[in-house]
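Student: Copying in the features that TrEMBL gives for the protein in this structure:
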type	residues	note
DOMAIN	1-61	domain 'G-protein coupled receptors family 2 profile 1'
DOMAIN	77-328	domain 'G-protein coupled receptors family 2 profile 2'
TRANSMEM	75-102	transmembrane segment
TRANSMEM	114-136	transmembrane segment
TRANSMEM	156-182	transmembrane segment
TRANSMEM	189-211	transmembrane segment
TRANSMEM	231-255	transmembrane segment
TRANSMEM	275-296	transmembrane segment
TRANSMEM	308-327	transmembrane segment
Amino acid sequence: GCARDWDGLTCWPRATFGEVVKIPCPRFFEEFTSFLQRNCTQEEYWSEPFPPYSIACGFDEGSSRGPEDQKSYYSAFWCVYTAGYAASVTSLITALIVFAAFRKFHCTRNYIHMHLFVSFILRAVAVFTKDAVLFADETMDHCLMSTVACKAAVAFFQFSILANFFWLLIEGIYLQTLLLLTFVSNKKFVWWFIFTGWGAPTAVMFAWVLTRIHQQNTGCWDDDENGVVLWIIKGPILLTVLINFIIFINVIRILVHKLKSQEGGGSHSSHFVRLAKSTLLLIPLFGVHYIVFAFFPESTGLEARLYIELGLGSFQGFVVALLYCFSNAEVQTELKKQLCKWQQQEYLTFTHKHSALSRETSPVNYVTQLSLLDKISPTRRTSVFQDGVTTV
């Protein structure tokens with residue numbers, strides 16, 4: 001018969017001679033309910049899928065791109081999100097060092113920012129790890145691949161996404177708490193935030209891994225998931241996105257009220273500009289852009305989803321680090337002070353070395369050294385001794 005086969009999109013199960021295998025379109029084409037068929041021929045080779053993917057599953061429907069153009073397109077897109085995650089990791093690590101190095105920035109607000117930075121870093125590292133383990137070798141048979149390493153890579157990827165969404169939620173909750181309450185017990189809140197931000201994703205992942213092992217322990221755990229397994233991960237993510245969107249709307253409402261009360265009868269254009277700036281700052285912090293496709297099937301607007309969730313999402317960590325660290329006036333002032341301090345120390349060190357070198361090369365110093373040598377010269381010592389004997 002025909003062996004199990006991976007055609008680049010779908011796993012075809014083992015079949016006997018003459019058997020016709022019928023399978024549904026892959027999950028990412030789930031808006032199409034058609035089926036694909038392949039026949040195990042007399043020569044024990046698989047026939048081409050019929051109808052073709054382009055007809056049965058709407059693959060590349062309405063597009064003039066051929067298979068090679070499609071491959072080139074996704075390769076270029078891979079380069080874009082890889083560059084985005086690399087820029088995010090670099091900027092986030094730098095921001096972490098800045099917040100950790102200066103005691104002035106050791107406060108609850110920045111502690112929460114730092115945990116959010118770590119979650120973005122983990123997400124980027126998880127993407128790199130998953131790509132390296134699952135997609136580095138184009139000849140890899142995804143039907144047969146089911147190793148501990150690839151399952152661990154997928155589990156780590158899922159955990160990093162969960163942790164990132166939970167810390168985005170915590171950022172939103174903390175900001176609303178600051179706006180609503182006059183006094184916040186920092187130590188009390190920060191430990192609850194840390195416990196929730198890392199504990200909740202860990203609990204969800206523990207449940208997901210156990211469910212995978214006992215109910216759907218197939219492949220690398222990156223294949224189509226049944227309802228229970230899928231919603232263990234998707235449910236908490238959708239909940240955090242929905243809550244964060246509600247908090248975002250409420251924070252904008254609070255900001256509008258505060259800006260109106262501060263400006264009174266001031267310029268409406270100035271009020272609008274300040275509100276627009278505040279809103280743009282909050283969008284990457286709250287991850288509001290995820291609400292666009294949060295409650296739609298994964299096949300809906302596939303290319304737009306790729307641009308928003310992978311393209312823009314890969315740069316989200318970079319934007320967060322830029323807005324909440326490098327563009328922060330306090331951080332810029334402290335860095336300028338430290339730079340001036342380093343420059344002053346370098347100048348003093350240079351001046352000290354230059355003055356020491358000048359003394360060493362001075363003609364007066366040569367005379368002093370000759371006089372000293374003359375005083376301690378053995379010849380002079382002998383002469384003085386002989387003069388003393390003659391005098392006696």
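Keep in mind that glycine also has a Cβ here, set from the backbone N, Cα and C atoms.
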Student: Against the transmembrane segment (231-255), which of these stretches has the most C-beta pairs under 8 Å: 75-102, 114-136, 156-182, 189-211?
Tutor: 156-182
Student: For the transmembrane segment (75-102), which recorded stretch in the set 114-136, 156-182, 189-211, 308-327 gives the largest number of Cβ pairs separated by under 8 Å?
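Tutor: Looking at each of 114-136, 156-182, 189-211, 308-327 in turn, the most contacts to the transmembrane segment (75-102) are made by 308-327.
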Student: Same chain only, please: residues at least 6 beyond the ends of the transmembrane segment (156-182) with a C-beta under 8 Å from a C-beta of the stretch. Say none if there are none.
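Tutor: 108-109, 112-113, 115-116, 119-120, 122-123, 125-127, 129-130, 189, 193, 196-198, 200-202, 204-205, 208, 233, 236-237, 240-241, 243-244, 247-248, 250-251, 254-255, 258, 282, 285-287, 290.
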Student: By a Cβ-Cβ criterion of under 8 Å, what residues six or more beyond either terminus of the transmembrane segment (114-136) are in contact with it?
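Tutor: Counting only partners 6 or more residues beyond its ends, the transmembrane segment (114-136) has Cβ contacts under 8 Å with 78, 81-82, 85-86, 88-89, 92-93, 95-96, 99-100, 142, 145, 149-150, 153-154, 156-157, 159-161, 163-164, 166-168, 170-171, 193-194, 197-198, 220, 222, 314, 316-317, 320-321.
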Student: Please average pLDDT over the domain 'G-protein coupled receptors family 2 profile 2' (77-328) for the predicted structure.
Tutor: 80
